[in-house]
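Engineer: The ATP binding site annotation in TrEMBL covers G127, E128, S129, G130, A131, G132, K133, T134. As annotated by TrEMBL, compositional bias 'Basic residues' applies to 1-10. As annotated by TrEMBL, domain 'Myosin motor' applies to 32-148. What TrEMBL lists as region 'Disordered' is 1-34.
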Amino acid sequence: TAAHPRHLPPPRRDQTLMEGGTPLSKGPDEEGDYDDMVNMPKMDQAMVLQNVEKRFKRDAIYTAVGDVLISVNPFKDLGMYTPEIMRKYHHETDADEKAPHIFAVARDAYRRIIRPPHKAQSVLVSGESGAGKTEASKLLIRYLASMS
């Protein structure tokens, strides 16, 4: 494996490095869409919307774009926020293999605070009225409170 350049974020475990240290794309999942759109070979507005829509139709409401999490409000309970699921995100080996999730965002922010170099973190939650910003914020806080 090639050395990884410092100016790029470290590759995820499911990525391999090509010459020069650039991560190779992970490719689409078994449903034919991308859980992290950074891995799309080409990205434009139509492809982003199509990917998010395909995932939403199968109740995959979270889609990543690198460190950014796109969330689509399903307006129904999908059973994604149980104490058991939250605990899975407490353990690195379990959580790193999971699909994008609000608990993964909270976990990553928490890790960056407690591990050297102990960097302050902020999470921006934005969207239109009714998009689920308040619920997302409550889930982030609930996860962080469970870690203390």
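Including glycine, each Cβ sits where the backbone N, Cα and C put it.
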Engineer: Could you count the residues of the domain 'Myosin motor' (32-148) that DSSP puts in helix, in strand and in coil?
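Structural biologist: So the domain 'Myosin motor' (32-148) is made up of 56 helix, 9 strand, 52 coil.
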Engineer: Which residue among the binding-site residues G127, G130, G132 has the fewest other Cβ atoms within 10 Å of its Cβ, if you could check?
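Structural biologist: With the binding-site residues G127, G130, G132, fewest surrounding Cβ atoms within 10 Å: G130.
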Engineer: Looking only at Cβ atoms, how many others are within 10 Å of the one on K133 (ATP binding site)?
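Structural biologist: Taking all protein chains shown, K133 (ATP binding site) has 15 Cβ neighbours within 10 Å.
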Engineer: Which residues, same chain and not among G127, E128, S129, G130, A131, G132, K133, T134, have a CB within 8 angstroms of the centroid of the CB atoms at the recorded ATP site?
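Structural biologist: Filtered neighbour residues, in order: N73.
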Engineer: Average the pLDDT scores across the domain 'Myosin motor' (32-148) and report the rounded value.
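Structural biologist: Summarising the domain 'Myosin motor' (32-148) by its mean pLDDT gives 93.
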Engineer: Among all protein chains shown, how many Cβ atoms are found within 10 Å of the Cβ of S129 (ATP binding site), not counting that one?
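Structural biologist: Around S129 (ATP binding site), other Cβ atoms within 10 Å: 5.
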